[in-house]
Every structure is written in C-alpha cells, then in structure tokens.
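The structure under discussion appears below in the form of structure tokens.
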Amino acid sequence: MVNLLSANREALIAQSICATVLKGNWKNILKHKVDSGLLKSAITTQVISELSLFSGYGGPSLSWSFFIWTDSLPSSKHSLQSSWKMILILTKHKHFKTAHQLLDKLAQRELLSSPLVLRSLVGGVSEDPEDVSHVFSWLMIYYAKAGMINDSIVVFEQIRSCGLKPHLQACTVLLNSLVKQRLTDTVWKIFKKMVKLGVVANIHVYNVLVHACSKSGDPEKAEKLLSEMEEKGVFPDIFTYNTLISVYCKKSMHFEALSVQDRMERSGVAPNIVTYNSFIHGFSREGRMREATRLFREIKDDVTANHVTYTTLIDGYCRMNDIDEALRLREVMESRGFSPGVVTYNSILRKLCEDGRIREANRLLTEMSGKKIEPDNITCNTLINAYCKIEDMVSAVKVKKKMIESGLKLDMYSYKALIHGFCKVLELENAKEELFSMIEKGFSPGYATYSWLVDGFYNQNKQDEITKLLEEFEKRGLCADVALYRGLIRRICKLEQVDYAKVLFESMEKKGLVGDSVIFTTMAYAYWRTGKVTEASALFDVMYNRRLMVNLKLYKSISASYAGDNDVLRFFWSHVGDRCLISKSILREMNRSEVL
C-alpha cells in the first residue's frame with residue numbers, strides 16, 4: 001500500500017512537471033524542489049519519457065532540454081536509468097550522434113558491462129527492440145575500441161539472451177579486436193553465434209576472419225573461407241587475396257601463394273605493392289635474394305615500390321652477408337625519394353656490428369642523428385650487444401645511459417646482453433646489479449642468464465658467491481623462487497659439481513620450495529653420469545611419489561645439453577622409462593631418434 005501511494009505521488013509530480021515544461025514556465029519547476037532531492041530518479045525518468053511523446057514540440061527536444069536543464073542543477077545528477085532512457089529516446093528519433101556521445105559518457109562513468117546492470121536496463125523499459133539493439137551495438141563498439149574485449153563480449157551475450165540481433169558493424173569491430181589480441185578461438189565462437197542470430201557476414205567480416213587465419217598461420221582455413229564467400233556471393237577483394245598470399249609466404253609455401261595471385265588476377269583484381277611486398281619478404285626471409293630481386297624488377301608500371309619494399313630487400317641482403325648490395329640499394333631508395341627509417345638503418349647496423357665494423361656502425365649512427373632519425377630499442381640493443389661481444393663494457397654502458405636519457409626503456413634483451421658482457425670480463429658485481437635491476441623491472445632471467453653468472457663465479461673460484469647471491473635476493477626483498485634454483489642447479493650440474501648442487505637443492509627444500517621435474521631429472525642425470533646410480537635412483541623414487549614426469553621438452557633439452565654422452569644418455573633414458581617417469585609418446589620419439 002505504501003509503495004502504491006508513493007508511486008501515485010511520483011506520477012502526480014511527474015505530470016505536474018510535464019505540464020509546467022509544456023507551458024514554458026521552467027522556473028516554476030523549482031517549486032517541486034528538484035535540486036533538493038525530492039525529484040527522484042524514477043520521476044526524472046518518467047518526465048523524460050512523457051515529454052518525448054509530444055512530437056509536436058520537435059520530437060525529443062523537450063526531453064533533451066529537460067535532461068540538460070536537470071543536469072545543470074547544483075545537487076542534481078542523472079541516474080543510470082534516466083540517462084539510459086534519454087539515450088533510447090534520442091536513438092528512436094534518429095538523433096544518433098547525440099545519443100552516441102551520451103552513451104560514451106555513461107560507459108565511462110558506470111559499469112554498464114555488468115550482466116546484472118544490463119539485465120536491469122533491458123527489463124526496466126518496454127522499448128522498440130531495434131532501438132535497444134542499436135544502443136547495445138554502440139556499447140559493444142565502445143568497449144571493443146577501448147580494448148575492453150571481455151566487456152564487449154558480455155554486451156554481445158546480453159544481446160543474444162534478449163533475443164535481439166547486434167548490428168553488423170558492432171560484430172565486425174568486436175571480431176577485429178579479438179584478432180588483434182590473437183584470441184582466434186574466441187573469434188570463431190563469436191562468429192558462429194553471430195551467424196545463428198541472423199547477422200549476415202559481408203566482405204569486411206570475411207576479411208577479418210581471413211586475417212584471423214593469418215594470425216594463427218592457417219592457410220587451409222583461409223581457403224575454406226574463400227570458398228564459402230564465393231558460395232554466398234561475397235567476392236574477395238585485394239585485402240582478402242593479399243592476406244592469403246601473406247600467410248602462404250610466411251609458411252614458405254610460395255607455389256600456393258603464386259596460385260592465389262593467379263586466381264586473383266583472373267577474377268579481375270590487380271596485384272598492388274602489398275602483394276609484391278609479401279612475396280619479396282617471403283623470399284628475402286629465406287635468403288632467396290635472386291627470386292626476391294627478380295620480383296622487384298617485375299613490379300608493373302602501375303605499381304610503385306615503396307619504403308617497405310626497399311627496406312625488406314636491404315634486410316634480406318644484410319642477412320645474406322651482402323652488405324655492399326644493401327648499401328647500394330639504400331642509395332637507390334634515397335634517389336627514388338624514399339628516406340630510410342629506423343627499421344632500414346637497424347638492418348644495416350645489425351650487419352655491421354655482426355661483422356665487427358663498429359666504427360662504420362658509429363658513422364651510421366651519426367648519419368641517423370643528422371637526419372633526425374631517433375634510435376629505438378633495437379638500435380640500442382644491437383650496439384650494446386656488439387660492444388659486449390668485444391668486451392668493451394665502457395661503451396656498452398654509455399649506450400645504456402643514452403638509451404635511458406632518450407626516454408627508451410631497457411628490455412629483456414638489453415639486460416641479457418649487459419649481464420653476459422659483464423660476466424665475460426668477470427665484472428660479476430656489475431652483472432649482479434643488472435640481474436637485480438632486470439628482475440625489479442618485471443623480466444624473468446632464463447637458464448642462460450644464470451649460467452653466465454655461475455660460470456663467472458667458478459672461473460674466479462668463488463663458488464660461495466652463489467650462496468651469497470641467494471642471500472642477496474632475500475635482502476633486496478626479491479623472491480628466490482624455484483626458477484632461480486632451477487637455473488643455478490642446472491648449470492652447476494653441467495659443471496659436474498653435483499655435490500654443491502645438492503647443497504642448493506637442500507637449501508631450497510628447507511625454504512618450502514618444491515623442486516620440479518627439471519631439477520630432479522637434471523640432478524639425477526648428474527649423479528648417473530658420475531656413476532652414483534644409488535643417488536639417482538633415490539631421486540627417481542621422489543619423482544614417482546610426487547608424480548613428476550619427464551616431458552618431451554625436458555627430454556630434448558637434456559639430450560641436447562649432453563649430446564656427447566650417447567651411451568650414458570641411452571641407458572639413463574631407458575632407466576627413466578623403466579621407472580614409469582616418461583610417457584609412451586616420448587619413448588616412441590626416443591626410438592625414432594635411435595633409428596635415425
């Protein structure tokens with residue numbers, strides 16, 4: 001009864017406000033104490049709804065004017081319901097731009113992607129389904145473009161559950177965002193649901209799907225899509241064909257790529273420079289510079305080679321150790337009006353550094369500076385690595401400092417090069433500092449990084465420094481996790497210091513860290529190859545009890561690390577198999593290797 005009286009009172013207030021607005025006496029609305037909170041969200045929503053019915057006053061203009069005016073009051077703020085109602089009214093009267101802008105503001109302020117919120121918005125109004133679908137489609141686009149893929153999918157699922165159909169553009173944007181994030185499995189799931197809802201795919205949707213095939217390296221699926229397109233009367237365009245050609249070229253399937261080009265030309269679609277660049281990139285990547293150059297010369301008169309064409313060829317010649325031809329092509333590139341960018345310079349710089357031509361590399365850097373071409377991470381990492389290889393750590397550190405001063409951030413490759421360089425010159429304190437900095441920045445050192453440090457300590461007969469390294473991790477508040485112990489133990493075992501590896505292993509277990517298959521198998525093999533079969537068997541027992549298995553990756557890694565131990569390895573793996581610590585599929589792999 002109380003709720004009914006309250007609803008009746010709100011309805012009377014809403015009618016009174018509507019009458020006041022229609023008479024143009026806006027100041028009298030304040031008598032209803034709008035700004036004091038007496039005018040509830042439900043009343044505002046009702047007023048907006050009723051005012052929209054007076055089409056003689058210009059469609060939604062009265063509703064919109066009231067919405068804006070109410071929003072301008074000092075203590076007034078529109079609720080989610082009143083804002084949503086206004087968006088639907090604007091959409092109904094095809095004021096799409098204003099509705100879209102209001103929806104964007106609402107999406108920034110409210111958690112619209114919550115299923116509970118979405119259900120309340122749909123359930124709270126009896127609107128034209130097409131209007132609701134329109135607004136939800138905009139919301140899908142908003143979240144997808146903002147990189148909030150999961151939110152966009154939630155809205156899509158809400159549209160489905162309401163029996164509505166999303167707009168084609170919204171589906172295209174969502175699919176495209178999923179492809180960019182490499183979520184190809186989700187792409188196909190959304191596409192199937194979209195088709196079931198009655199959304200008819202056009203050339204743009206199919207191009208997104210072909211692009212998804214490109215991302216996942218699946219030319220067979222792309223070919224099926226082309227067949228499906230032709231069956232449905234959707235004709236492939238230049239983007240479709242170029243994407244498929246690119247997939248084949250990346251997989252070195254050049255005959256198939258040429259077949260696609262032939263089909264493309266027979267269907268009346270002329271190749272463009274992107275088509276040629278795909279072929280040139282494919283051949284250059286494989287070092288087939290003769291074919292790449294032939295294609296370059298065959299570029300038709302109505303197609304012009306671009307910056308990418310020349311850069312791809314220059315990179316190809318650098319990879320094939322023909323720096324002179326790469327430099328000649330750079331001159332041709334400049335004479336044709338194309339300015340080499342940082343990618344072009346990086347290719348040449350990499351080759352000069354590989355050849356130890358550091359002076360020429362520095363001259364190239366000076367040239368880049370003169371042309372206002374800013375070095376990127378690849379430029380700096382190439383130089384740091386080159387200096388570290390020739391043990392010029394002073395110059396490597398200078399490049400590092402310039403890199404930081406220019407606003408670039410050190411990445412995993414920068415740190416690894418510096419750590420390796422400092423370990424080579426036995427400046428292990430500096431190597432440790434780079435290691436700690438690397439971890440603090442969120443990068444995970446791998447086996448190679450820890451190996452360099454272990455080798456450095458052993459070369460200086462400072463085995464105890466490894467234990468101190470673990471202690472320093474704790475002092476700095478860093479996590480001495482299983483990955484750290486794994487890297488150290490693996491390298492120490494490789495150096496045939498299995499007794500010290502055992503010390504680290506016991507230290508790890510005392511801290512509550514549980515060893516994995518890599519640690520146990522590595523130590524077991526270290527014992528095995530030194531004739532300590534009993535100790536190895538004890539580790540196998542623990543592995544069996546903990547259900548730790550040798551996988552294919554571990555099998556290949558240990559076999560590669562100890563490639564010279566053929567007979568020892570064969571007996572070791574046979575024993576591992578007898579202990580049921582290796583799967584049948586890996587045993588078959590071992591047998592095939594032995595046959596070969």
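Cβ from N, Cα, C; glycine included.
Under the heading repeat 'PPR 1', Swiss-Prot lists 132-166. Tertiary neighbourhood of the repeat 'PPR 1' (132-166): same-chain residues 84, 87-88, 91, 99-100, 103-104, 107, 112-115, 118-119, 122, 125, 173-174, 176-178, 181, 183, 186, 190, 193-194, 197-199, selected by CB-CB distance under 8 Å and a gap of 6+ residues from either end.
Residues of the repeat 'PPR 2' (167-201) grouped by DSSP class, helix first, strand second and coil last, total 26 helix, 0 strand, 9 coil. What Swiss-Prot records for 167-201 is repeat 'PPR 2'.
Across the repeat 'PPR 3' (202-236), the prediction's mean pLDDT works out to 94. Per Swiss-Prot, the feature repeat 'PPR 3' maps to 202-236.
For 237-271, the entry in Swiss-Prot reads repeat 'PPR 4'. For the repeat 'PPR 4' (237-271), same-chain residues at least 6 beyond its ends with a Cβ under 8 Å from one of its own Cβ atoms are 203, 206-207, 210-211, 213-214, 217-219, 222-223, 226, 229, 278-279, 281-283, 286, 300, 302-303.
Taken residue by residue, the repeat 'PPR 5' (272-302) breaks down under DSSP into 22 helix, 0 strand, 9 coil. Under the heading repeat 'PPR 5', Swiss-Prot lists 272-302.
Counting residues per DSSP class in helix, strand and coil order gives 26 helix, 0 strand, 9 coil for the repeat 'PPR 6' (306-340). Residues or ranges marked as repeat 'PPR 6' by Swiss-Prot: 306-340.
Annotation source Swiss-Prot lists repeat 'PPR 7' at 341-375. Cβ atoms under 8 Å from those of the repeat 'PPR 7' (341-375) belong to residues 307, 310-311, 314-315, 318-319, 321, 323, 326-327, 330, 333, 382-383, 385-387, 390, 403, 406, 408 of the same chain, restricted to positions at least 6 beyond its ends.
Swiss-Prot lists 376-410 with the feature repeat 'PPR 8'. Long-range Cβ contacts of the repeat 'PPR 8' (376-410) within its own chain (Cβ-Cβ under 8 Å, at least 6 residues beyond either end) map to 342, 345-346, 349-350, 353-354, 356, 358, 361, 365, 368, 417-418, 420-422, 424-425, 427, 430, 437, 441.
Away from its own ends, the repeat 'PPR 9' (411-445) comes close to residues 377, 380-381, 384-385, 387-389, 391, 393, 396-397, 400, 403, 452-453, 455-457, 459-460, 462, 465, 469, 472, 476, 478, 483-484, 487 of its chain (Cβ-Cβ under 8 Å, at least six residues beyond either end). Among the features that Swiss-Prot reports, repeat 'PPR 9' is placed at 411-445.
Cβ atoms under 8 Å from those of the repeat 'PPR 10' (446-480) belong to residues 416, 419-420, 423-424, 426, 428, 431-432, 435-436, 438-440, 486-488, 490-492, 494-495, 497, 500, 503-504, 507, 511 of the same chain, restricted to positions at least 6 beyond its ends. Look at Swiss-Prot and you will find 446-480 tagged as repeat 'PPR 10'.
Taken from Swiss-Prot, the feature repeat 'PPR 11' applies to 481-515. DSSP states for the repeat 'PPR 11' (481-515), grouped as helix (H, G, I), strand (E, B) and coil, give 26 helix, 0 strand, 9 coil.
Distant neighbours of the repeat 'PPR 12' (516-550): 482, 485-486, 489-490, 493-494, 496, 498, 501-502, 505, 557-558, 562, 565, 568, 571-572, 575-576, 579-583, 586; these residues of the same chain sit at least 6 beyond its ends, with a Cβ under 8 Å from one of its Cβ atoms. What Swiss-Prot lists as repeat 'PPR 12' is 516-550.
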Mind checking which residues of the chain, 6+ beyond the ends of the repeat 'PPR 3' (202-236), have their Cβ under 8 Å from one of its Cβ atoms?
168, 171-172, 175-176, 178-179, 182, 184, 187-188, 191, 243-244, 246-248, 250-251, 253, 256, 264, 267, 269
Helix, strand and coil totals (DSSP H, G, I; E, B; other) for the repeat 'PPR 7' (341-375):
26 helix, 0 strand, 9 coil
Residue list, the repeat 'PPR 11' (481-515) vs rest of chain: Cβ under 8 Å, 6 or more residues beyond ends.
444-447, 449-451, 454-455, 458, 463, 466-467, 469-470, 473, 522-523, 525-527, 530, 532, 546, 561
Would you mind listing the long-range same-chain contacts of the repeat 'PPR 6' (306-340), meaning Cβ under 8 Å and 6+ residues beyond its ends?
273, 276-277, 280-281, 283-285, 287, 289, 292-293, 296, 299, 347-348, 350-352, 355, 371, 373
